[in-house]
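What TrEMBL records for 2-375 is domain 'Amino acid transporter transmembrane'. Residues annotated as transmembrane segment in TrEMBL: 20-43, 76-95, 115-132, 144-166, 178-198, 210-233, 253-281, 293-312, 318-339, 359-379.
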Amino acid sequence: LQGIFVLGLPYALLHSGYSGLLLIVLAAALCCYTGKILIACLYEENEDGQLIRVRDTYEDIANACCKKLSPSLGGIVVNVTQVVELIMTCILYLVVSGNLLSHSFPYVPVTEKTWSVIAFVTLLPCIFIRTLKIVSKLSQLCSLVHFVIIFLVITYCLTQMHQWSWAKFRLSLEFENFLVSVGVIIFSYTSQIFLPTLEGNMKNPGEFRCMLNWTHFFACILKTTFALTAFLTWGEKTKEVITDNLPSFLETLVNLCLLTKALLSYPLPFFAATEIVYSCIFNDNHSNYRSPLLALTVRGSFLFLTLLMAMFTPHFALLMGLSGSVTGAAMTFLLPSLFHLKLKWKKLSFLQKCADISVFILGFLCSLAGIVCSIKGLLEVFG
């Protein structure tokens, strides 16, 4: 919920004005809703009317929806979509790490790609991660680092309160820039890929909905506070990544914190991607599934794949935007609403059906707009 995208929220407000504040709240509500309906698809009522968890993964939900067409078609589509998004996320962390190291130590005669390799070396222990417990501990550290970053930026902004002015907010909007803002705001909340596994590993899954409500509520409060204070501080001078606006001494400190956050964030999508590949390759044959040599081979292959793509993929940011517009919107809005309608149609009220259809349409429009903007950017670069 609190990813690297948060650093772009003040810039999103620059292009979206007052509507951006509303979008931050709306995006939290929509992502919380799609998370709930996705988890609802894991359950079915038994003869006594009790909810029983009959599915374990996003793949199981997709297969249940597409079983009349093909027993495994839905699962294949979902797995490919998930793996693409997770790999792109891992690559993004490597690219960001190289960029942050390059900006933190500008006087060291090392290229940004070489810095990415140095960051990659620190991630080699990821091939030995076997359980979600280790990943969760790293994610906790990541959250702590994130709060330190937010605290440092907000504290500095509060020292500049004397120059705040609500007149800095725009009333008129440029459509294309507004679409970029929508993408940044919405995808700063996405977490649907991890929710089935998270809910399945909770000591009390019955508290999942409550947990989702509170986490999205606090995320919304934190994002709004962060974006608002930063934008009011710099106004029209707000840069794409807000750390570029900070004084040099504070920028270096925050960049090093961001580097730590990026490296601690890497294991979660990496672990999720390898787990999906395990289940696909070995077809849940647990004698092979937990073979140490095969496990190390799969993890090692994934690790080096992310490095190679980070090193040699041209215009990665634009490609990330294109793939994110497809996979991110699909996993966050399109598929949860579609699956919920398919599996629960007879039990849904009219308002629930309208809500799911509205979310699907909104997700489709966001995806289409993101694809158009990304393709336009790629054409401009290669043209």
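Heads up, the Cβ atoms here are built off N, Cα and C, so glycines get one too.
A TrEMBL annotation is a machine prediction, not a hand-curated record.
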Contact call for the transmembrane segment (144-166) and the transmembrane segment (253-281): at least 3 Cβ pairs under 8 Å, seq gap 6+: yes
Same-chain residues at least 6 beyond the ends of the transmembrane segment (115-132) whose Cβ lies under 8 Å from its Cβ atoms: 94-95, 97-99, 101-102, 197, 201, 259, 262-263, 266-267, 270-271, 295-296, 299-300, 303, 306-307, 310-311
Contacting positions for the transmembrane segment (20-43) when only residues 6+ beyond its ends and CB under 8 Å are counted: 9, 12-13, 51-56, 58, 60-61, 64, 181-182, 185-186, 188-192, 195-196, 199, 208-209, 212-213, 216-217, 219-220, 223-224, 227-228, 332-333, 336-337, 339-340, 343-344, 355-356, 359, 362
Listed stretch, out of 76-95, 178-198, 210-233, 253-281, that has the most CB pairs under 8 angstroms to the transmembrane segment (359-379): 178-198
Listed stretch, out of 76-95, 178-198, 253-281, that has the most CB pairs under 8 angstroms to the transmembrane segment (210-233): 178-198
